[in-house]
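As given in TrEMBL:
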ACT_SITE  ASP21  active site
BINDING   ASP21, GLU208  Mg(2+) binding site
BINDING   22-26, ARG34, HIS38, 66-68, TRP70, ARG72, ARG189, 195-197  substrate binding site
ACT_SITE  ASN69  active site, proton acceptor
Amino acid sequence: MSNEPSLDMSKIPKHIAIIMDGNGRWAKERNLPRALGHKAGVEAIRKIVKECDRLGVKYLTLYAFSTENWNRPIKEVDSLMKLLVEYLKKEVEELNVNDVVVNSIGNISKLPLICREELNNAYEKTKNNKGLILNLALNYGGRSEIVDAVKEISSDLINKKISKDQINEELISKYMYTSKMPDPDLIIRPSGELRLSNFLLWQGAYSELWFSDINWPDFHEKQLQSAIMDYQKRDRRFGKVK
Ligand code: FPP
């Protein structure tokens, strides 16, 4: 795919995070079962990972399963877990060849064993790569991430590993699942919903937000490029005046 003329390659966001929403509605519009909406969502993942890699995005975080998604019918939860395993099994070789690191954030310990094994396998295979870092948010919730961080900070305080005076924003960031990455520059949500849904609450403090009406399975390279083009026009002041 050729570059859009107005995409400034020197101002590509370093970290893009996406709330992949609208799979169910995409399926409903076609009289298909919801599981097929998620399957189509995986195709969109393939395209967007490749495009982010091509554009030189360094981190791509995808909201694949939230802490609240356990409340969906068991059949749907199972189909999402199966899709995750299938995706990792099928894609890891190509991701590896493309120098992508497959990472995850969230409370992975609660995922089925097969998912943990495949995630671990993908990470071990790709951890030394130098290209795009693909961050799958699984059993992820922004509030529970903050709760986990507070627990760890308290225990490090009690064990005198840190002192109260050391607690500041920088230190708290180090206790987040995303400790080794920059905050997202751009958070994208397709499907017409205008909310964050517990995604990257700490890290998204100064992220630029981009919404679109189309459902995730229809989110292709062109939509990503539009989001980045809009991002490039934003005036990021981080609360300061210029
Ligand atoms: C939201 O759409 C989407 C999800 C809860 C799951 C996203 C998962 C995938 C795209 C596939 C599995 C993941 C990987 C990494 C292979 P929705 O079901 O809430 O849509 P709706 O709001 O239209 O019902």
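The backbone N, Cα and C atoms fix where each Cβ goes, and this holds for glycine too.
Location within the structure of each feature annotated in TrEMBL.
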residue	record	DSSP class
ASP21	active site	coil
TRP26	substrate binding site	helix
HIS38	substrate binding site	helix
THR67	substrate binding site	coil
ARG189	substrate binding site	strand
GLU208	Mg(2+) binding site	strand
Winner by Cβ contact number (other Cβ atoms within 10 Å) across the binding-site residues GLY22, GLY24: GLY22
Close-lying binding-site residues around ligand 1 among THR67, TRP70, ARG189, LEU196, GLU208, where CB distance stays under 6 Å: none
Other CB atoms, at most 10 A from the CB of ASN69 (active site, proton acceptor): 16
Inter-residue C-alpha distance, HIS38 (substrate binding site) and GLU208 (Mg(2+) binding site) (nearest angstrom): 26
Largest tally of Cβ atoms lying within 10 Å of a Cβ, found at which of the binding-site residues TRP26, TRP70: TRP26
Cβ neighbour count (within 10 Å, all chains shown) around ARG189 (substrate binding site): 23
Of the binding-site residues listed as TRP26, LEU196, GLU208, the one whose CA lies nearest the CA of the residue listed as 'active site, proton acceptor': LEU196
Euclidean distance between Cα atoms of ARG189 (substrate binding site) and GLU208 (Mg(2+) binding site), Å: 11
